Each structure stands twice: as structure tokens, then as C-alpha cells.
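Per TrEMBL, the feature transmembrane segment maps to A:20-41, A:78-103, A:115-140, A:152-178, A:199-219, A:270-292. Residues or ranges marked as domain 'ABC transmembrane type-1' by TrEMBL: A:79-289.
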Amino acid sequence: MQDKQRVVKPHIAEEWVGKIYTLLCIFFLIVTIFSMVYFVASKGISTFFLPNVNLLDFLTGLKWAPEGSPPAFGALPFIVGSFTTSILAALIAAPLGICAAIFMTEIMPGVGRRYLQPVIELLAGIPSVVYGFIGLSVLVPFLRDVFPGQGIGIAAGAMVLSIMILPTITTIAADALAGLSHSLKEGSYALGATRWQTIYRIILPTTLPALLTGVVLGISRAFGEALAVQMVIGNAPHIPKSLFESTSTLTSVITLSMGNTVSGSPHNSALWSLALILMSMTFVFVFIVRWLERRSKV
Amino acid sequence: MTTKFEVNELQLHYGEFHALKQISLSIPERSVNALIGPSGCGKSTFLRTLNRMNDMISSVRVDGEIKLSGTNIYDTGMDVEELRKRVGMVFQQPNPFPKSIYENVAFGPRLHRKPGRKELDEIVEKSLRGASLWDEVKDDLHKSALGLSGGQQQRLCIARALAVNPEVLLMDESTSALDPISTLKIEELIQELKKDYTIVMVTHNMHQAARVSDYTTFFLNGEVIESSPTEKLFSTPVDHRTEQYITGRFG
Ligand SMILES: Nc1ncnc2c1ncn2[C@@H]1O[C@H](COP(=O)(O)OP(=O)(O)OP(=O)(O)O)[C@@H](O)[C@H]1O
Ligand SMILES: [Mg+2]
């Protein structure tokens with residue numbers, strides 16, 4: 001009896017240390033997340049207690065002049081800017097990324113694994129300032145020469161973002177394609193399907209939810225990217241008339257203005273409200289991804 | 001009886017590994033042919049040479065010839081998709097596509113041409129009837145195939161193969177994942193199908209081979225040891241290794 005206890009005791013202690021440690025970590029994480037959400041939300045909501053500002057005007061207003069008299073807080077240009085750049089980026093990157101994934105998994109797995117995958121991973125590791133810099137010094141002049149306009153704007157932003165989200169979309173698509181059961185493909189080939197018939201009719205439809213997951217995660221990443229976009233978008237606070245005209249996004253206006261505002265001022269609160277919109281959109285994206293993932297398990 | 005497959009000195013290598021050695025065999029039309037032998041002896045490999053499914057493995061090298069109704073399917077001019085349309089295959093695990101029952105059966109015909117709605121409906125019904133599944137699913141054609149039982153899924157895979165109107169049906173242990181009743185159903189189905197199709201099946205179940213097949217071929221270490229009418233092979237095997245295997249003193 002005594003012997004047994006002596007053997008068991010250190011074991012129990014180990015259990016408790018592990019349990020307490022993980023609980024503490026979780027507790028810490030939850031507290032951090034909740035306090036961040038609370039902080040952003042309370043700061044962001046405080047704007048709407050200011051005189052002459054209400055949520056509807058904020059979301060639909062076209063004029064952004066926070067330091068003007070009277071100040072105007074219309075965030076629609078930024079909301080439009082954020083959505084158009086990130087969705088356009090996804091429209092460019094999704095076909096490229098999915099094609100690259102098909103190439104890597106179905107057409108030439110050897111070459112894909114050995115050369116393409118490292119390159120894609122490299123893309124993911126390049127800091128965003130480098131993307132912005134390349135965009136500004138190569139892409140913007142090119143667009144200026146080819147299209148009417150200043151070169152900066154939504155087109156430039158979307159193109160830079162599309163390269164930045166390419167790794168996300170490609171990697172998730174490649175994982176999904178590689179994870180597809182071999183027996184489904186065999187079933188298709190055994191009926192006399194060609195490789196592309198199998199890709200179009202079996203592989204892509206079956207992995208569609210997972211492919212979309214990658215695209216939504218890409219949009220989400222594009223939506224939140226600030227630095228690279230800010231460098232090529234021009235940062236004019238209005239809705240542009242073309243894709244090659246200066247405009248802003250939620251992120252770019254925050255990074256540009258936050259240093260110039262005093263905490264608690266209406267301008268500062270308005271920036272927090274923009275951050276709150278960003279954060280809410282992130283929740284929406286996470287929700288969509290969750291939903292898609294549940295569908296892809298069926 | 002006409003010969004469907006004429007296999008002459010077939011050799012298959014997986015890289016350095018010599019998996020099939022000098023196989024010569026003839027498979028008569030409209031008969032059930034069982035391939036038996038211990039695990040790893042090359043039954044599946046041989047079966048997959050008949051519809052060139054081994055082509056997808058890059059290390060595979062095939063020598064010798066297999067004639068299907070007189071033409072060598074390993075000729076350079078051979079249309080592999082056309083071959084697979086003529087030589088259908090059912091796998092060990094049921095592998096219905098994650099689509100509706102109807103779409104599963106319609107998949108094959110749609111690959112090869114563009115049948116009209118009405119024609120397609122007819123093909124689907126005929127194939128499901130051919131696989132004795134019609135009565136069970138006729139009201140659920142547009143429900144997911146993944147909701148069917150394992151035995152029903154396997155019969156759906158048979159229907160799917162029948163829908164492209166093949167001449168031959170290859171079955172690789174197609175009942176081994178199923179319960180006894182589903183197995184029996186498929187065995188009965190095979191008896192029915194041999195009136196129109198040539199069937200080559202791999203089985204580990206000696207009783208099954210004895211029950212359903214007309215001819216049995218015994219494989220060992222990549223070689224054909226003995227191939228004869230089933231009754232003869234099981235009652236008076238010529239080679240002592242065949243006898244050892246079928247009496248269970250082997251492998
Ligand atoms: N893709 C492959 N690459 C290399 N070797 C292989 C491959 N597939 C099969 N083999 C080898 O070829 C031999 C024959 O395999 P095969 O699958 O044809 O056997 P089998 O008779 O069907 O066995 P079982 O009854 O277990 O299904 C085995 O030794 C196996 O290890
Ligand atoms: Mg096998």
C-alpha cells in the first residue's frame with residue numbers, strides 16, 4: 001500500500017503540473033483576446049457618442065475630414081477601398097494559386113514539390129514592406145505608362161496583394177488536392193476519364209469547399225494588410241473613379257493617421273471605429289472559413 | 001468459345017522488382033474468371049494490366065502483350081481511355097463519387113459523349129437494374145451516393161461501370177469489404193452479368209472462387225502456376241503447390 005503510493009505520487013504531481021500549466025496558458029490567451037476585443041470595441045464605439053456622429057452616417061458617409069470644422073466622418077471610401085482591393089486580389093490570385101496547386105499535385109508532383117513549393121513558401125516569407133517597395137517602384141510606373149491615371153490606386157494595391165496572398169491560396173489548395181483520396185481518382189480513370197476530365201469533374205468539385213477556404217483566408221489576409229497597400233494606393237480619402245486613381249483602405253488610413261492624433265480626440269476615436277470594422281470583418285471571415293470547413297468534411 | 005483476352009509472355013516490373021513473370025493466359029468471353037493466390041503474389045497487378053491502370057505508376061514497365069479481341073492493348077497507338085471504357089473496373093473498397101446516385105451512374109456516359117436527358121435517364125435505370133440496385137434506390141436517385149450502405153455503394157460502383165457499356169468487368173476483391181448478405185447479392189449478380197460480360201475477379205475467398213467462377217487461375221510469386229476450369233482446379237489440381245494452397249496448407 002505504502003509502496004504503491006510512493007510510486008504513484010510523482011505521477012500525480014506531474015498530471016497536476018501539466019493541467020495547471022495548460023489551464024494558465026489558456027486563461028492568459030482568453031484574457032488577452034477578450035481585453036483586446038473589449039478595448040477596440042469600447043474605443044471604437046465611443047465615436048458614436050460624439051455629437052453629430054451616428055453609425056449609419058459613419059458607414060455610408062463619403063466625406064472624411066476628421067480635423068475639419070465641422071469634422072466629417074464618412075468611412076465609406078475606405079470600406080469600398082478595402083473590399084475592392086482584397087476581392088480583386090483574390091480574383092487574381094485564386095485562379096493562379098489553384099492552377100499552381102493542380103500543377104504541383106496532379107501534373108508534375110516531382111517538379112512541383114521540389115521547385116514550386118519552396119518558391120511559394122519563399123513568397124510567404126517576404127516582408128510586406130518589400131512587396132510595397134517593389135510595387136511602388138516597378139508596378140506603379142508600369143501601370144502609369146499603360147493605363148490612364150497615376151498608376152497608384154486599387155489596381156496596384158490589388159496586384160501587390162494578390163502576390164502576397166498567393167502562398168496562402170496555393171498552399172491550402174495543394175493540401176486539399178493532395179489529401180483527396182486516391183480511390184476517387186482511380187474510379188474516374190477506370191471509367192475512361194482523361195486527366196483533365198478527372199480534374200474538372202471529380203477533383204475540383206470535391207475539394208471546392210477547401211479551395212474556397214483558402215480563397216477566403218487570402219481575402220482575409222489582404223483585408224488586413226496595411227503597409228504594402230498604403231505604399232501603392234495613394235491614400236486619397238475618396239472613392240476613385242477608376243482603378244488607377246488614388247484612394248485609401250481601412251488599414252492604410254489607420255497606419256497613416258494614427259501618429260498624428262491625440263488619444264481621446266474625435267479623430268483618434270474615429271480611427272478606432274475603423275479598426276473595429278476591420279476586426280468585425282475578420283470575425284466574419286473566420287466564420288465563413290469555419291462554415292466551409294464543416295462543409296468540406298461531408 | 002471465343003477468347004476475350006489473350007495474354008502472351010507478360011512481364012511487369014515495379015522499378016527493379018519483377019512483379020509478373022512470363023504470364024501466358026487466355027480468358028474466354030462471357031465467363032467468370034477467378035484469380036487466386038497468396039497476398040503479394042501479383043493478382044491485383046495482373047488485373048490492372050488488363051485495363052492499363054498500372055500506367056499511372058511511373059516506375060512500372062510492361063513487356064509482352066495482352067490482346068483484347070485480337071489487338072494488343074499495349075500497342076503504342078492504343079487509346080487508353082477507350083480501353084478503359086471497354087474494360088471496366090470495380091475496386092476493393094466501394095468508391096462512389098461524392099455526388100448523387102444519378103450523377104454517379106451518369107458520370108461515365110457523359111465522359112465519352114453528350115447523351116440527351118432522356119437517353120441518360122434510360123442508361124441510369126438500365127445500369128442500376130443491371131446491378132440489382134434499381135428497386136432500392138429508384139426513389140432516391142438524386143440523394144447522395146454516400147448515404148448508401150457499403151453493399152449498395154459497391155453495387156452502385158458496378159452500375160457505374162456498366163453504364164459505359166463495357167465488354168469486360170474487372171473486380172479486385174470487390175466483396176471483401178462487405179457483409180455476407182451483400183456479398184451473396186453481388187455473387188448472384190455476377191452470375192447474371194456473365195451472360196453479357198466477361199468477368200475477371202480477384203478473390204481471397206476460395207469458396208467464392210469455387211462458387212461463382214468458371215475458370216480459376218492460381219498465382220504464386222508473380223507466376224501463373226495453374227489455370228483451368230474451376231471444377232477441375234479444385235478437384236484435381238495438377239501442381240502440388242496449387243493443391244497445397246487450395247487445401248489451406250499454404251500462404
Ligand atoms: N506501386 C507499387 N510499387 C512497387 N511495388 C508494388 C507496387 N504495387 C505492388 N507492388 C508489389 O508487387 C507485388 C504484387 O502486388 P499485388 O498488389 O499485385 O499483390 P496481390 O496479389 O494483389 O496481393 P493482395 O492479395 O494482398 O492484394 C507485391 O510484392 C507488392 O509489394
Ligand atoms: Mg490485391
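Quick reminder: no glycine exception, Cβ is built from N, Cα and C everywhere.
Residues 37, 40-41, 43-48, 53, 58, 66, 73, 75, 78-79, 82, 209-210, 212-213, 216-217, 219-220, 223-224, 250-251, 253-254, 257-258, 261 of the same chain sit 6 or more residues outside the transmembrane segment (A:270-292) yet have a Cβ under 8 Å from a Cβ within it. Sequence-distant neighbours of the transmembrane segment (A:78-103) (same chain, 6+ residues past either end, Cβ-Cβ under 8 Å): 59, 64, 112, 116, 120, 154-155, 157-159, 161-166, 168-170, 173-174, 176-177, 199, 203, 211, 214-215, 218-219, 222-223, 229, 233, 237, 239, 243, 247-253, 274, 277-278, 281.
Sequence-distant contacts of the transmembrane segment (A:20-41) (same chain, six or more residues past either end, CB-CB distance under 8 Å): 272, 275-276, 279.
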